[in-house]
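Colleague: Sharing a structure with you now.
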Amino acid sequence: MKNKVFASIGDAVKDIKVGRMVIVVDDPGRENEGDLICAAEKASPEVINFMTKYARGLICVPMKHERLKELEIENMVEKPTEKKGCSFTVSVDYKIGTTTGISAYDRSVTVRKLIDKTAKHEDFARPGHIFPLRCKEGGVLARTGHTEAAVDLVRLAGFYPAGIICEIMNNDGTMARMSDLIKFAKKHDLHIITIGELVNYRRRTEKFISEIVNVDLPTRYGDFKLVLFEDLITKDSHIAVVKGVVKNRQNVLVRVHSSCETGDIFHSLRCDCGDQLETALKAVGEAEQGVVLYIHQEGRGIGLANKLKAYRLQEKGMDTVEANKALGFDPDLRDYGIGAQMLSELGIKSINLMTNNPGKINGLESYGLKITKRVPLEISPSKSNEKYLKTKKEKMGHMLKKV
């Protein structure tokens, strides 16, 4: 294994291609589980035995809905209550040429037959010893689970989109955490990757934004073009408000603005979002060319309902970061790949970015955009939002001089 904790997605895909396993973890900064993953096409008694002997978790087969439908393999329960939203189906055994179904040989046969187009639904006994998992359409871009990571990885490796996964446990039966997984990887010469990096890889290498329509947009700030984009995975709509000719222009003035219904529409004084949007539109309207992106990522990515729940916690004394964490969210869940692809579709590669947020700069640059200059977009604090802005400066690193 290389002398670093996390391998590249490219290295992991190479391993999958030659039939090796990789370890996939939820998040490097959290105490979450790691799963062994390999391609279902590479299922063998040796692979199954390794998983049962060394990983010790439940062996499952993530796969696409279409194949499960062909085999008439239904969900295990009609209304799952499992908190991570993992979609288990009924367990199965392949009936032909197997015995009890539990041996490494029998389970490897069942895995291979699940993806064999000649195998029919009547060839499988229910229940059994292999647990198919229904992958969410869109893979890790739709759900950041091991199920989706497995299907994405094997697809990238050129195999049929189905994998084998098994949680890794310690000798004493406890779940293996990050330090344990690093030792496990070194012992067995395996690469470790994160689901987050797989998400980033797909967003960098695949197109998932499509232009739907563009229209003239006369406003109090000037005459613009409004370009509507659709996220092909989530079906969310995002807007680009464009001034002048921006295609192939250098250092275009850009604001990437996340939606804030309370601030942008109802002029809430809890935040500076509405004022920032108006200031950005005014600046772009006065420029020769520019763009304001309006991204559907309410509440820094947690959605309107959760944002309002966070407001309730703030009314009880928490700040915006503490409230997010109390609800189980990171302080900022926004995905800048959406904005980067919208700018790319508009033919823009270098920008002057209106922002106070260093995370936004890093996020956009990670997708290949050149940020020539940062243009501050600071709004004077009010009594209602002073604590909010102070928290953004002290806990989120925002570059604010007036707070």
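Backbone N, Cα and C atoms are what each Cβ position is placed from, and that goes for glycine too.
Sharing the record's features from Swiss-Prot:
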type	residues	note
REGION	1-204	region 'DHBP synthase'
BINDING	Arg30, Glu31, Asp35, Arg143, Thr144, Gly145, His146, Thr147, Glu167	D-ribulose 5-phosphate binding site
BINDING	Glu31	Mg(2+) 1 binding site
BINDING	Glu31, His146	Mg(2+) 2 binding site
SITE	His129	site 'Essential for DHBP synthase activity'
SITE	Glu167	site 'Essential for DHBP synthase activity'
BINDING	Arg255, Val256, His257, Ser258, Ser259, Gln276, Glu298, Gly299, Arg300, Thr320, Thr355, Lys360	GTP binding site
BINDING	Cys260, Cys271, Cys273	Zn(2+) binding site
ACT_SITE	Asp332	active site, proton acceptor
ACT_SITE	Arg334	active site, nucleophile
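Thinking about packing and proximity, how do these listed features fit into the structure?
Modeller: Annotation for Thr144 (D-ribulose 5-phosphate binding site): spatial neighbours Asp26, Ile195, Gly196, Val199, criterion Cβ-Cβ under 8 Å with sequence separation of six or more.
Within the same chain, residues at least 6 positions away in sequence whose Cβ sits under 8 Å from that of His146 (D-ribulose 5-phosphate binding site) are Val24, Asp26, Glu33, Asp35, Ile37, Pro62, Ile165, Ile195. In the three-state DSSP scheme, His146 (D-ribulose 5-phosphate binding site) falls into the helix class.
Sequence-distant neighbours of His129 (site 'Essential for DHBP synthase activity') (same chain, six or more apart, CB under 8 Å from its CB) are Ser91, Asp93, Gly101, Ile102, Asp106, Arg107, Thr110, listed in sequence order.
When other Cβ atoms within 10 Å of the Cβ of Glu167 (D-ribulose 5-phosphate binding site) are tallied across all protein chains shown, the result is 18.
All chains included, 19 other C-beta atoms sit within 10 angstroms of the C-beta of Glu298 (GTP binding site).
Residues near Cys271 (Zn(2+) binding site) in space but far in sequence (CB under 8 A, at least 6 apart, same chain), listed by position: Cys260, Thr262, Gly263, Asn385, Tyr388.
Asp332 (active site, proton acceptor) counts 20 other C-beta atoms within 10 Å of its own C-beta, drawing on all protein chains shown.
Taking a C-beta cut-off of under 8 Å and a sequence gap of six or more, Arg334 (active site, nucleophile) has these contacts in its own chain: Ser258, Ile295, Gln297, Arg300, Gly301, Lys360, Gly363.
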Colleague: Taking Cα atoms as reference points, which of the recorded positions Glu167, Cys273, Asp332 is nearest to Arg255 (GTP binding site)?
Modeller: Cys273
Colleague: Which state, by DSSP, holds Arg255 (GTP binding site): helix, strand or coil?
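Modeller: In three-state terms, Arg255 (GTP binding site) counts as strand.
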Colleague: Could you measure between His257 (GTP binding site) and Asp332 (active site, proton acceptor) for me? Cα positions, answer in whole angstrom.
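Modeller: Cα to Cα, His257 (GTP binding site) and Asp332 (active site, proton acceptor) are separated by 14 Å.
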Colleague: Of all the recorded positions given, namely Glu167, Cys273, Asp332, which is spatially nearest to Thr355 (GTP binding site) at the Cα level?
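Modeller: Checking each of Glu167, Cys273, Asp332 against Thr355 (GTP binding site), the shortest Cα distance is to Cys273.
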Colleague: Under 8 Å Cβ to Cβ from Cys273 (Zn(2+) binding site), same chain, six or more residues apart: give me those in sequence order, or none if nothing qualifies.
Modeller: His257, Ser258, Cys260, Thr262, Gly263, Asp264
Colleague: Same chain only, sequence gap of 6 or more: which residues have a CB within under 8 Å of the CB of Ser259 (GTP binding site)?
Modeller: Tyr294, Ile295, His296, Gln297, Glu298
